Amino acid sequence: MVDNTSDNIAKEPRAPSWTMKFNRLTAKYNIISLFNYESILKRKIMIDFLICSLAFISIFISFQEAEMYYELTVYNDSSKSLILINSLRGINCIFSIIICLLICMNYKNFLQLNQKSENVSMLDLSLRERLYLITEILISLISDPPYLNLIFEGPTPQGHLYYQSSTILSSLSFIKGYHFMKLYANYTVWMSPENQSKSKKYGVNSSVFFAMKADLKLKPLVVIIPLAIGTVFIAGYIIRNMERGYIAKGWEGEYFKYATNGWWCAIITMTTVGYGDVYPKTDIGRLFICITGIVGLILISLYVAALNSAVSFNKQEFHSYLEIKRIKNNMRIQHTASNIIKTAASMLRAKNNHNLNSMFLIGIRLKHLANHSIQSKHSLEKYIAPSEMLLEIEKKLERDINFVKQQFIDVKYIGEKLKIMQKEQKSIETSIDHVLSEQRLILNKFAEYNIKGYAL
């Protein structure tokens with residue numbers, strides 16, 4: 001009799017404890033070494049937001065210290081301190097250096113996202129990317145260093161020009177505003193990774209230009225109003241800086257003593273009103289006012305074109321636009337439906353608690369959400385633009401044509417299969433005939449043997 005007690009059963013050898021520890025360590029190492037795309041992308045967006053914040057502060061400091069220095073030296077304003085001005089310049093230089101370091105970090109994040117690896121070097125940048133990096137660093141370093149007080153002056157045919165280095169550098173510091181365009185590229189829904197992949201299906205490069213065209217098509221005021229305000233602010237400030245250093249007989253630059261007059265000049269030029277009460281007299285000021293007028297005409301034209309649906313897409317871009325728009329509408333409807341469900345659950349809890357006041361307030365909100373959901377659904381179904389309708393019909397025709405093509409291919413394939421089956425059937429029939437003939441020969445032989453046996 002076999003003893004099956006636990007003491008007599010053969011035990012399998014267990015792995016040593018150091019092996020288990022090694023496996024756990026390697027598993028932990030593998031988890032850490034995985035490439036985390038989302039965290040790097042979030043870090044890149046956060047750095048872009050920080051760069052824009054520091055660039056805005058740097059521009060504001062340049063504006064303030066240039067105004068303070070001009071009032072101290074030209075208007076002899078004793079309330080302005082040269083120590084405070086140099087301190088602001090030093091802080092601005094520190095901010096500019098921090099912006100440059102953040103730009104380098106962002107380019108490293110860009111390399112990590114492209115190569116899908118965290119072990120990258122700045123030497124991996126291509127020549128074009130290095131030129132972009134150097135250009136961004138040079139632009140970000142535009143600031144007035146402490147104790148740098150240069151004066152540029154000279155005669156003109158009608159007067160005398162007097163410019164300070166702080167005034168010129170504060171005007172150039174507005175170039176740092178290009179960082180806001182990069183932030184727009186990170187936050188716009190049209191350039192998200194999911195929508196970029198959808199655009200690539202139609203052969204569309206989802207760039208900043210496409211995103212701006214899409215926003216001009218969908219929400220023109222969101223694009224045009226910030227552009228117009230930024231143009232008025234920058235152009236008016238630069239024109240004012242160029243004009244208040246101009247001294248001539250009967251013209252001491254008093255019209256442009258205040259920045260508001262420069263902005264007023266930019267507004268009346270961009271809107272093509274042209275009152276003539278404030279106007280530039282220097283060549284540089286006239287150049288910038290011409291550029292401002294051209295930009296104003298473009299913005300007004302874009303506004304009219306956007307309102308009249310004149311900002312048109314090509315077929316591939318419009319397909320991408322419609323698909324992303326449809327996804328956004330579905331998400332909005334789902335969000336409204338989830339809010340209705342949450343509100344209904346809150347109303348049920350209030351009913352169980354016999355809280356009439358809460359039931360009344362929640363009922364009003366529930367009714368508002370339901371009406372909003374119905375109106376949103378009707379607004380989506382009520383009107384469809386003719387261009388969208390034509391593209392939908394065209395898309396349906398393309399799907400039907402592809403389906404018919406596939407059916408023709410399947411019919412041809414089935415015909416070839418039938419021919420092969422017919423050949424196989426003929427070969428099988430030939431084999432059966434051969435077997436039957438062999439069977440008849442065998443039966444004949446048996447019959448002959450039987451006859452001979454009976455004869456014997």
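Any Cβ shown, glycine's included, is placed from N, Cα and C.
Taken residue by residue, the domain 'Potassium channel' (232-310) breaks down under DSSP into 52 helix, 4 strand, 23 coil. Sequence annotations record features per position, and here TrEMBL assigns domain 'Potassium channel' to 232-310.
Taking Cβ pairs closer than 8 Å, the transmembrane segment (45-63) reaches residues 88, 91-92, 95-96, 98-99, 102-103, 105-106, 109, 140, 143-144, 169-170, 173-174, 176-177, 179-180, 182-183, 186-187, 237 in its own chain, all 6 or more past its ends. For 45-63 (among others), the entry in TrEMBL reads transmembrane segment.
The transmembrane segment annotation in TrEMBL covers 83-107 (among others). When Cβ-Cβ distances below 8 Å are used as the criterion, the transmembrane segment (83-107) is approached by residues 44, 47-48, 50-51, 54-55, 57-58, 61-62, 64-65, 68-69, 72, 122, 125, 129, 133, 136-137, 140-148, 176 of the same chain, each at least six residues removed from its ends.
The transmembrane segment annotation in TrEMBL covers 221-239 (among others).
Among residues of the same chain six or more beyond the transmembrane segment (287-306), those with a C-beta under 8 A of the stretch's C-beta atoms are 216-217, 220, 224, 227-228, 231, 235, 238-239, 242, 265-266, 269-272, 279-280. Here TrEMBL flags 287-306 (among others) as transmembrane segment.
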Original post:
What parts of the chain pack near the transmembrane segment (221-239), using Cβ distances under 8 Å and only residues at least 6 beyond its ends?
Top reply: 63, 171, 174, 177, 212, 215, 256, 259, 262-267, 270, 280, 285, 288-289, 291-292, 295-296, 299, 302-303, 306
